[in-house]
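Q: One structure, pasted below without further comment.
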Amino acid sequence: MKHGIHFFDHSVLTTAIQDFTAVIKEDTSNAQARLYRGRAYAKQQQYRNAIQDLAAAVHLDPSCWLAFYYRGCILRQIDPKRAVQDFSVSVLINDTRENFRSFLHRGIVYSEQCQWSLAISDFKSVLALDSSVIFAYLNIGLILLLHLDQYYEAIRQFTNAIEIDPLNVQAYICRAQAYRKIHNLPNAVKDINRAIHLYPNKSQLHLLRGQYLMELKKYELASLCIHQLAEMDEESFTSQPVRQALIQSFCQNHDKAIECLREATTIQPEPSVFVILGKIQMKAKKTKDAVRSFKKAMKLLMTSAKILPNTFEAAEIYYLTGLCRMEQKSLLQACDAFSMAIRLHSSYPDAFYQRGLCRMQLRQAKCIQDFSRALALCPSHFQAYMSRAAYYGSKGRYSKAILNCNEAIKIIPNSVRAYFYRGTLKYQNKTFKAAVEDLSKTIDLDKTCILAYYNRAVCYHQIKDFRKALKDYGILLLLELSKEIAFKVLINRGLLYVELGDYANACEDFKEATLLSPDDSQIFQAIGICYHRLHEFEEAVRSFDQVLKLDPVSVDAYVGRGNSYMENGHEAGCKQAQKDFLRAIHLNPKCLKARICLGYNLQALGKLQRAWSQFTVAICIDPKCHAAYDGRASVCLQAGETFAAFQDTNAALKLTTTAPLLTNRGVINQLMGYLPCAMKDYQQAISVDPNYALAYFNAANVYFHNRQFSQAYCYYSKVLELDPRNKSAVMNRAITNTLLNNIEEAKEDFEKAICLCPCSAAVYFNRANFFNGLKQYELAEKDISTALSIQPNDALMYKFRADIRGKLGFNKEAVEDYKQAISIQEQIDSM
C-alpha cells in the first residue's frame, strides 16, 4: 500500500494502479486502496473505472469524505445533480478547512445551474474556511456583476481578491467592468491600465481600454490605444483586413473601415465579409450602400437553383436589410424583409419584434401578434414587452399596458424606461399615487430624468399635493431644459399658483413664459387676469392690450380689459369698459360673459333699463345661466322692483345653490319685511359655504334688529374671523358690545373701526354716543367734533354736540350748535 501511494504521489500512475490492485486482491474490503486507485484512474481519464472504485470506497467506508468529493468532481459535468449530492455528503461529513474544495466545487455547479444565491452561499463558506481563496472572491463578484446587478458589492469582492493577490489580472479586468457599470469610467481605465502593465501583450486589454476612453470622450487617447494595438502585431493587423476594419469602426473611422472591407471583398468575396461591410455602412448611416452590400451577400448565398438556404445567416441578411429600410422610412419594404427573414428562420425573435414595430407604425393591428410571437420565442425580450405596452397604451388599454411593463421590469429590474413608462400609464389610468411611486423610482435610478420630474409634478398637482408639485417644478427649472419643456413647466407652475391664489408668483411665471413664446396671446391673457386679481388694474389693461395686438378678435381679452377699466371706479373707465364689452358682443353676440359684464356696467352708470335688457338677452341665449338671473335681480332690486328681483333670484337658485345667491335672496326677503325667511336663507347660505362672511354679517344684522344681541355678537365675531378688515362688522360689533355693556370690548372695537376707516363720520358719531352713555362727556365732545369736521352739514350731530356741551357747562357753545342745527334743518325742509 505504501509502495502504491509513493508512486501515486510521484504521478507514476500505472505502477500505482498495479500496486493498489494487488492490495485489493489481497483485501477486497480495503477502502483506502479503492480510493487511491479511483483517483489514479481519474487522473488517467478512465472515469468509468474511477467511479466504480470510488463508489466501492463509499460503500466500504461511508464516512470517507474524500471518496464523495472526488466522485462529485468526476460527475460535475455529466451528472450535476448527483455531483451536488456527493459534495453535500462530503461537507456533511467534514466541514472543516480541509474540505473547503467541496464547497467550492458545489458553488461552481450551482453557478452553472443559475442558482445564484446558493452559489454565493457556498463561495462564502469557502472564504469562511480559508479567506485567501481568490477564486471564491472572483466568482461571487462575477455573479453579482453579471446576474444580480449589485455592482458596488461586486467591486468590493474584486477588491478583496486584489488585496490578497495584487498581481491577479482577472480581478482587475472584472473590477474595471464593474466600475463601468456604475459609470465610474476613470477607475475602470485605471484598472485596465494595471492589467496591461501586468500583461502588456494582451491585445484584448488594449481594446477594452480604447472602448472605455471612447466612452469618456477622450477620442485621441482611444485612437492611440488602437494604434498601439496595431503596432503590437503589425503583420497580423495588416494581413487580416476584417480585423483591421473592425478596429477602425470601433474608432469611429467608418470610412477607413469600409475602404478596407471593400478591398477585402475584391480579394475574398464571401457573404460574411459583405455582411460585416453592410453592418459598418449602417453604423456610418449609409443605409443605401448597406442594402447593396446585403444584396451581394444574398447572391453569393444562393444555390444553383437561385434559392436561399433556410439558414440563420440568410435570415440575418434580410433582417439587417429590414433595419436599413426602417431607417429609410420605407416601412412596407422593411416589413417584407422581416417577413422573409422569418420565412427562412422561423425562430427569429428579433425579426418578429422589428416587424411588429413596422406594423405598429403602419397602424396595423397585427403588430401585437408579432410582439407576442417574439416573446413566445424569447420570454426575456425586454423590448417586445415595452413595445406591446406602448401599443396597448396607444389604444387606451392602460391596465394591459401596465401588465406588460411589469413583465419588462422582471427582466430588467432597474430599467429607467420601464418604470417611467409604467408611471405615465398609471397617470393615464387616473391612479396618480401609484404613478408617483413609479416616477419616484425612475428618479432614484436616474436623477437627471427630466420627464420623470415633470410627470411627477403633474401627478402631485392632480392629487392636490401642491408643495411637492412646486418642488418638482423648481428642480426642473434648475436643470438644462429644452425650450418646449421649460415653457410647459412655467405654464403648469403658473396655473398651480393660480389655484393656490398666489397670483403674484403666477404672474412672474407667466411673464417668464412670454420670453420663450412672445407671440402666445393666451399667456398675456393669463397675466392680465393675475394683475386683475392683484388689483393692479393698469398693468392688467396693458396685458390685455398686448393680447389684442396679437389677437385682435379675442373676445376674452375685450371682456378682461373691460372689467379692469370698470375696477378703476371712475366714469371714464366705465365708459371705456362699455366700449370693450360692446366690441366683444359684436365679435360674438352669444358671449354670455360679455353681456353680463355689460349689464353690470350699465347698472353702474345708472342705465337700469338697458342693463335689464342685457341680462334678459343673456337669459334668452341660455335659460340656464344663473349669473344672468342674478344680475337682473340686482337691477330689479335697485329699481325698486323687489318682487321681480325675488323671482329672478329664485330662478337662479333652481339652477344652482350657492351661498351668494341664498344671501341675495335673504336681503330681498329682509327688504320685503320677511325677517324669518331672510334668516332662513342666511343660515342655508352658511351651511352651503361656512366661510362666506356676508351671510354671517346679514344674519347678525337680523339678530341685532330683533334685539338678540348675544347672537348678533357671535355672528359679527365670526365675520371678523373670516374677514378681519370688515369695517361694518367691527363698528356693528362695537355697538352690540355697547348694548351688552361689554365696555372694554366695545372700546377695542371702536379703536379698530377708527384704524380701518379714520375718515368715517359714523364711527366717530357712534363712539361719541358710547362715551356719552359712560358720562365721559369730554371724550364724547371730542369725537362728535371730529365727526362734524368730516361731515359738517348734519343737523342731528350739531344737536347731539349741543346736548353734550350743555352737560359740560359750555352753554354758549351749546346754543350756537342748536342754532346751527335749526338752520341746517330749515334749509333741508325748504328744498
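Note: Cβ is positioned from N, Cα and C throughout, glycine not excepted.
Keep in mind that what you see is a predicted model, and the values were worked out from it rather than measured.
According to TrEMBL, the record shows the following:
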- 31-64: repeat 'TPR' (REPEAT)
- 169-202: repeat 'TPR' (REPEAT)
- 271-304: repeat 'TPR' (REPEAT)
- 382-415: repeat 'TPR' (REPEAT)
- 487-520: repeat 'TPR' (REPEAT)
- 521-554: repeat 'TPR' (REPEAT)
- 659-692: repeat 'TPR' (REPEAT)
- 693-726: repeat 'TPR' (REPEAT)
- 761-794: repeat 'TPR' (REPEAT)
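How about a rundown of where these features are and what they're close to?
A: Same-chain residues lying 6 or more positions outside the repeat 'TPR' (169-202) and placing a CB less than 8 Å from one of its CB atoms are 134, 137-138, 141-142, 145, 149, 151-152, 154-155, 158-159, 161-162, 208-209, 212-213, 215-216, 232.
Within the chain carrying the repeat 'TPR' (271-304), a Cβ under 8 angstroms from the stretch's Cβ atoms is held by residues 242, 245-246, 249, 254-255, 257-258, 261-262, 264-265, 311, 313-314, 316-318, 320-321, 323-325, 327-328, all 6 or more beyond its ends.
With DSSP classes pooled into helix, strand and coil, the tally for the repeat 'TPR' (382-415) is 27 helix, 0 strand, 7 coil.
On the 0 to 100 pLDDT scale, the model's mean across the repeat 'TPR' (487-520) is 93.
Residues 491, 494, 498, 503-504, 506-507, 510-511, 513-514, 560-561, 563-565, 567-568, 587 of the same chain lie 6+ residues outside the repeat 'TPR' (521-554) yet bring a C-beta within less than 8 angstroms of a C-beta in it.
Note on the repeat 'TPR' (659-692): residues 626, 630, 633-634, 637, 642-643, 645-646, 649-650, 652-653, 698-699, 702, 705-706, 722 of its chain, located 6 or more positions outside it, place their CB under 8 angstroms from a CB of the stretch.
Same-chain neighbours of the repeat 'TPR' (693-726): 659-660, 662-663, 666-667, 670, 675, 678-679, 682-683, 685-686, 732-733, 735-737, 739-740, 742, 756, counting only residues six or more beyond its ends whose CB sits under 8 Å from a CB of the stretch.
Outside the repeat 'TPR' (761-794), and at least 6 residues removed from its termini, the chain residues within Cβ reach (under 8 Å) are 731, 734-735, 738, 743, 746-747, 750, 753-754, 800-801, 804-805, 807-808, 824.
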Q: How do the residues of the repeat 'TPR' (271-304) split into helix, strand and coil according to DSSP?
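A: Counting residues by DSSP class gives 28 helix, 0 strand, 6 coil.
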